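A quick write-up on the structure given underneath.
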């Protein structure tokens with residue numbers, strides 16, 4: 001912010017004022033070069049399905065939303081939640097149950113909302129229990145870890161026919177198949193997003209099919225990223241960071257630390273719920289492995305490696321690591337992932353993207369080059 | 001009557017399981033402020049070493065179990081030197097780059113969790129690659145005792161005895177010996193301890209080694225009764241964490257008390273409603289305990305004691 005008011009010219013013009021909402025001390029990338037790079041990265045993601053596997057990338061982008069939810073909760077408010085997958089999974093299951101019971105366009109749209117609300121409400125309940133109960137620091141982490149295991153144990157034994165909500169059987173380890181295709185809108189005015197490619201013809205390039213679901217997810221991801229940038233650079237975001245840095249001092253300044261942690265945790269839960277809804281919708285299937293210990297740790301891995309205090313880091317690392325994980329499906333994949341995690345935490349505790357950003361800022365010649373080389377990470381990490 | 005014996009035996013069994021699962025984790029967490037998410041894999045190392053020592057080398061069971069503990073302890077020391085304190089990588093980097101590359105993970109709880117989780121991934125998958133999805137198991141020793149229409153494995157009763165013995169030994173080590181005094185001094189005030197001539201670096205290393213050895217011994221002790229697969233550590237993790245959290249800051253007493261309370265809950269609910277409900281009851285009990293006793297049982301006792309002193 002202070003950097004911007006020095007740059008008075010940018011502040012007076014409308015685009016400058018708009019841009020300043022997205023910039024501040026809590027995010028990296030403030031230069032014009034960054035935004036150019038950001039636009040290039042988004043454009044690359046827009047055209048990517050014409051060249052690569054868009055359906056796989058759409059999965060990674062769904063998971064990037066989960067990574068963002070942990071980045072806000074852990075990186076910005078200092079609450080390490082091992083339970084983001086709880087809200088992710090509850091969002092997914094809620095979407096499945098509601099949409100199977102009301103398999104009309106309106107019902108499925110309501111199911112999306114129900115999934116997000118489900119994630120948020122379950123986070124609010126757990127968060128109320130923890131934060132208003134005076135649970136602190138690492139005990140929060142352990143409670144969320146234990147909640148993950150509770151959900152895994154619980155969902156895995158729901159195989160019997162008595163475990164059905166309306167038409168939807170929870171199915172235990174076998175999971176819940178036949179989730180209706182994602183359709184948004186109301187009866188008569190709706191659009192179906194999954195497995196509904198529409199042909200595109202561009203003169204000079206040729207014709208190809210593009211998946212509407214991919215673009216829906218891309219839109220949500222870019223929107224969420226920008227929205228969170230506004231949030232963490234707002235006054236509220238500053239207080240969040242203050243809570244992360246020193247809880248007692250923030251309390252002394254008159255802020256209600258408990259409520260801030262509760263609100264941020266709930267917001268993170270809702271965002272994880274949205275991610276879960278999209279995950280279930282994409283796979284038209286959901287099973288209890290989303291609550292497993294390995295899956296629970298993946299968000300922590302993405303956010304740690306990317307840089308927990310960086311929203312961009314969470315997104316880039318999620319895309320890159322999931323790409324790596326899927327493409328090295330061999331036995332050594334987990335060993336390499338573990339080694340990567342270990343080395344990152346030990347050598348680059350602040351994460352890869354902030355480290356890269358520092359290097360670029362250190363070596364840049366002109367002000368325009370800082371972000372320019374920073375942002376194109378997104379496509380280059382994904383499409384190689 | 002018979003049901004009473006069943007319940008008592010089940011309680012002993014749960015108690016031994018919880019105490020043994022938690023002991024190593026509690027020492028490393030309570031004393032060093034490091035959360036070892038690879039605790040389950042340390043148990044795995046102990047279990048695999050003991051089993052292989054029996055099946056491949058033909059060592060007697062008791063010796064093999066001790067070997068399991070020792071090997072895991074050594075592995076723990078290696079882990080501490082390389083990852084937790086970063087002493088060895090830093091020694092190298094001091095001579096090549098002229099600066100430390102690793103900041104020790106002491107009292108950096110979140111970072112220690114993430115780093116040791118990386119280690120846990122490597123160990124689990126490494127065990128799978130090296131040994132496959134299971135290895136041959138050793139038979140349960142000592143046979144069974146029978147009463148009425150029931151019988152019960154003698155070995156499981158022995159385990160309960162061993163768990164109590166280990167608790168007592170740990171308590172003795174940390175409260176009655178010179179080493180324990182130095183270790184506790186290191187925890188309480190590192191700088192003063194150093195000024196008094198305590199080699200704090202070595203204290204951290206040894207404490208981590210002892211915690212790891214206890215985890216390895218747990219694995220070795222349970223090797224005859226659990227299935228030998230690369231993910232066997234997972235089944236200990238929950239009970240270990242829950243016991244540590246419910247126990248609170250006083251390591252040995254906390255582990256013993258939470259082993260008692262949680263063991264009773266686990267045994268009762270498992271006996272009445274089956275193992276699944278037993279496990280859920282355990283977790284719910286832990287959540288409730290944390291809600292009302294954020295510093296665990298021993299934190300609560302400490303508070304009571306303070307209040308009584310003030311009122312005197």
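Placed from the backbone N, Cα and C atoms, the Cβ positions cover glycine too.
Fair warning: this is a prediction, and the values are worked out from it, not measured in the lab.
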Among ranges A:14-32, A:33-51, whichever one TrEMBL labels transmembrane segment: A:33-51
Of the residue ranges A:310-326, A:361-377, the one that TrEMBL records as transmembrane segment: A:310-326
Transmembrane segment range according to TrEMBL, out of A:193-212, A:213-232: A:213-232
Per Cβ pairs under 8 Å, the stretch of A:85-102, A:310-326, A:332-356 packing most closely against the transmembrane segment (A:262-279): A:85-102
Which of A:57-76, A:108-131, A:213-232, A:310-326, A:332-356 contacts the transmembrane segment (A:138-155) most, counting Cβ pairs under 8 Å: A:108-131
When counting Cβ pairs under 8 Å to the transmembrane segment (A:57-76), the leader among A:33-51, A:85-102, A:213-232, A:310-326, A:332-356: A:310-326
Contact call for the transmembrane segment (A:213-232) and the transmembrane segment (A:33-51): at least 3 Cβ pairs under 8 Å, seq gap 6+: yes
